[in-house]
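Visitor: So that we are looking at the same thing, I have put the structure below in structure tokens.
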């Protein structure tokens, strides 16, 4: 029996060993390995089509220097989509509801984009901290504000992904509990509540995919500013 609604976000243990490593590594096993033959089955063909389309869409605004990040960004998005979707299944665990994991993705990748900008084009990278045509009295204030906005980017990335998934899981838990309680007392209301739960589940499937896409899209925008 759950003591708290937030117990569902605790990392499961088996013989005292946290299973978060298995939850993170398992999604890669689900994807088929492409065959060296010319003809592939429908699943691999659809997988290649999706990856190619998304790569073209993501790399379109970037110049040639940013195309080196294609493999990393595509792998990250597929990984996030997979563990978000698997977390919607019953009796499963969603690692991306942990802020520490999301910050572990956001901070190094954001820092890499900043370092690339400082290394390749330091003048333009530093120029983002001060908009052109700023009045002289406002220069110190704007530099501080732009620096804070730059440093808060990884926090926004991690918190956005964590908050959206956590809120969705909590809503599903609350509505499912309401259905379980109302079913023996008011079956009609319970059926209506179950319909809402079904619609919310469809919404959460969309959120699981959209949040992974937004996470990678924002990283590509940060990269676009620095390459």
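From the backbone N, Cα and C atoms, a Cβ is placed for every residue, glycine too.
In TrEMBL, annotation is done automatically, which means it is predicted and not curated.
Taken from TrEMBL, the feature transmembrane segment covers 12-31, 69-89, 101-118, 138-159, 171-199, 205-223.
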Visitor: Before we move on, state whether the transmembrane segment (205-223) and the transmembrane segment (12-31) share at least 3 Cβ pairs under 8 Å, counting only pairs 6 or more apart in sequence.
Guide: no
Visitor: Where among 12-31, 69-89, 138-159 do we find the most Cβ pairs under 8 Å to the transmembrane segment (101-118)?
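Guide: When the Cβ pairs under 8 Å are tallied, 138-159 comes out ahead.
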Visitor: Which of 12-31, 138-159, 171-199 shares the most C-beta pairs under 8 angstroms with the transmembrane segment (69-89)?
Guide: 12-31
Visitor: Could you pull out which residues elsewhere in the chain have a CB under 8 Å from any CB of the transmembrane segment (171-199), counting only those six or more residues past its ends?
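Guide: That would be 5, 8.
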